[in-house]
Amino acid sequence: MFRCGGLAAGALKQKLVPLVRTVCVRSPRQRNRLPGNLFQRWHVPLELQMTRQMASSGASGGKIDNSVLVLIVGLSTVGAGAYAYKTMKEDEKRYNERISGLGLTPEQKQKKAALSASEGEEVPQDKAPSHVPFLLIGGGTAAFAAARSIRARDPGARVLIVSEDPELPYMRPPLSKELWFSDDPNVTKTLRFKQWNGKERSIYFQPPSFYVSAQDLPHIENGGVAVLTGKKVVQLDVRDNMVKLNDGSQITYEKCLIATGGTPRSLSAIDRAGAEVKSRTTLFRKIGDFRSLEKISREVKSITIIGGGFLGSELACALGRKARALGTEVIQLFPEKGNMGKILPEYLSNWTMEKVRREGVKVMPNAIVQSVGVSSGKLLIKLKDGRKVETDHIVAAVGLEPNVELAKTGGLEIDSDFGGFRVNAELQARSNIWVAGDAACFYDIKLGRRRVEHHDHAVVSGRLAGENMTGAAKPYWHQSMFWSDLGPDVGYEAIGLVDSSLPTVGVFAKATAQDNPKSATEQSGTGIRSESETESEASEITIPPSTPAVPQAPVQGEDYGKGVIFYLRDKVVVGIVLWNIFNRMPIARKIIKDGEQHEDLNEVAKLFNIHED
């Protein structure tokens with residue numbers, strides 16, 4: 001009895017050892033290549049081995065061998081069936097998840113995920129592929145423009161965007177402009193807004209159905225664009241063309257774009273303050289900041305905006321107009337003499353400041369923050385000149401710090417003057433590495449080295465980087481523009497080096513009812529005015545011959561309805577601001593591209609038809 005059992009166990013061991021050896025000698029890559037049929041994977045080696053064993057066995061062992069064979073084959077068949085059933089169910093579940101997710105907004109997806117989590121259901125996470133041809137680090141405007149450019153030149157391209165932001169790629173300008181003027185009570189959920197021309201659109205570049213699953217990306221025949229949201233690249237290995245994510249996963253690439261953007265700067269006075277001050281301070285940048293500030297604006301009695309640049313002035317006007325109905329006090333303070341004092345000449349900066357005040361904002365120029373604390377439940381801001389400001393909430397809009405953490409592991413150069421990754425005129429930092437958007441310090445072949453933090457630059461540089469990643473080898477020559485709207489009535493577009501420290505010449509005329517951002521979008525059909533620009537460089541425009549004349553300085557207190565401001569360096573126009581003049585950017589671009597000296601800029605201003613009714 002015991003002998004027979006021992007013989008049976010020994011026979012079974014002899015038959016299983018070759019099987020284990022057959023499976024184990026394979027490398028992980030070879031095992032992955034094995035057919036998915038579990039019966040084939042196990043039965044064939046067993047059958048061959050057992051045939052050899054049975055041929056040398058006596059009649060007394062045949063019965064046991066046959067029993068063992070039947071047992072093994074039966075177990076293998078059952079296992080294969082279970083494996084096939086499990087695989088089919090997983091595929092069905094994955095298919096249903098993809099179908100049910102199509103057309104959902106990020107908010108609806110988040111709500112669905114939260115509901116699943118509350119019911120104890122495991123929420124599936126999109127997994128990163130191990131390799132992609134095109135890897136884009138960052139999920140902003142530059143990355144999306146690059147993805148679109150890559151796919152335009154290579155329709156079968158597989159593009160992966162890795163974004164730290166939980167949202168799909170979206171445009172930032174409406175966060176401080178149109179969204180605040182929406183009459184939709186659910187605007188923070190829908191993130192849809194009416195442009196100044198009354199047309200409605202979403203803040204997202206594309207709906208969720210536009211994108212493919214990241215884990216399916218390598219297997220899709222015609223390629224596509226996938227987005228991994230809520231993931232951060234923490235390490236860049238340029239030698240092995242590999243990145244590491246904050247969840248530990250690794251991705252190899254062939255071409256890589258760094259479009260990491262920037263982080264809002266804070267004030268040292270706020271950084272030194274306690275946790276309560278920081279919790280009641282908004283560093284405005286993302287969708288989450290808009291949602292949070294919109295809610296806060298309806299709950300507090302006073303909001304103070306620190307910063308007098310584009311973002312600070314736009315938010316001040318938006319909150320000021322909104323506060324009229326709520327009775328909220330809106331304060332704006334900054335160290336310059338007037339709004340946008342670093343950009344506009346002093347007379348226009350002062351006029352802009354009065355415009356902001358007419359929107360119901362208490363504007364405090366020449367204000368330098370010394371400290372911030374808490375007193376009797378209020379935030380107390382102390383200024384260097386002794387003035388004090390009490391408020392319920394602070395919005396800091398004091399600039400952007402480029403995200404350059406990857407420079408350390410990637411061995412990339414940071415520009416000591418402008419910040420950002422230092423790249424050449426083709427936006428390339430290293431072999432197979434390009435940089436675009438706010439984080440790129442690039443060489444402008446016309447104006448020298450620069451770093452620009454505007455939407456249109458993100459579009460232009462992202463598009464160029466995408467072209468060069470597919471072999472175009474083009475330099476950065478297209479001058480990007482930027483614009484700012486102080487509500488639907490006053491706005492301006494600018495291009496080139498726009499710095500109030502440069503000499504300026506302004507030519508103005510009386511505005512008509514059509515000279516405002518609202519009318520501009522009615523003509524162009526879009527509130528994101530860079531999207532309405534054509535690729536033409538106004539090549540047929542002829543600059544009129546100059547006649548010596550002395551430019552007349554604008555009269556203080558004048559109502560600057562519309563006009564052109566030229567910024568000069570060595571008597572050459574290097575920057576232009578179009579004040580309430582829209583859809584004339586190709587003309588301004590050509591003037592800067594020509595780089596000629598002009599004796600009478602009044603003649604040049606005629607190109608913009610500012611005296612037309």
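A Cβ is built for glycine as well, from the same backbone N, Cα and C atoms used for every other residue.
Of the listed candidates (GLY248, GLY399, GLY561), Swiss-Prot assigns GLY399 to the same NAD(+) 1 site as GLY308, GLY309, PHE310, LEU311, GLU336, LYS342, GLU453, HIS454, TRP483. In Swiss-Prot, the annotation phosphoserine falls on SER371, out of SER163, SER371, SER376, SER480. Of SER292, SER501, SER546, the one with phosphoserine in Swiss-Prot is SER292, while the others lack that note in the record, though it may still apply to them. In three-state terms derived from DSSP, GLU493 (NAD(+) 2 binding site) belongs to an extended strand segment. Between the CA atoms of SER292 (phosphoserine) and SER371 (phosphoserine) there is a gap of 24 Å, rounded to the nearest whole number. In three-state terms derived from DSSP, SER268 (phosphoserine) belongs to a helical segment. With respect to GLY399 (NAD(+) 1 binding site), the closest of these recorded positions in Cα terms is SER268, chosen from SER268, LYS388, ASN583, LYS593.
On a Cα basis, LYS388 (N6-acetyllysine) lies 18 Å away from GLU336 (NAD(+) 1 binding site).
The Cβ of SER371 (phosphoserine) lies under 8 Å from the Cβ of ALA269, ARG272, ALA273, ILE381, LYS382, each of which sits 6+ residues away along the same chain. Using Cα positions, the member of the recorded positions SER268, LYS388, GLU493 nearest to PHE310 (NAD(+) 1 binding site) is identified as GLU493. Of all the binding-site residues in the list GLY308, HIS454, GLU493, ASN583, the shortest Cα-Cα distance to LYS388 (N6-acetyllysine) is found for GLY308. The binding-site residues listed here are GLY308, GLY399; among them, GLY308 has the most other Cβ atoms within 10 Å of its own Cβ.
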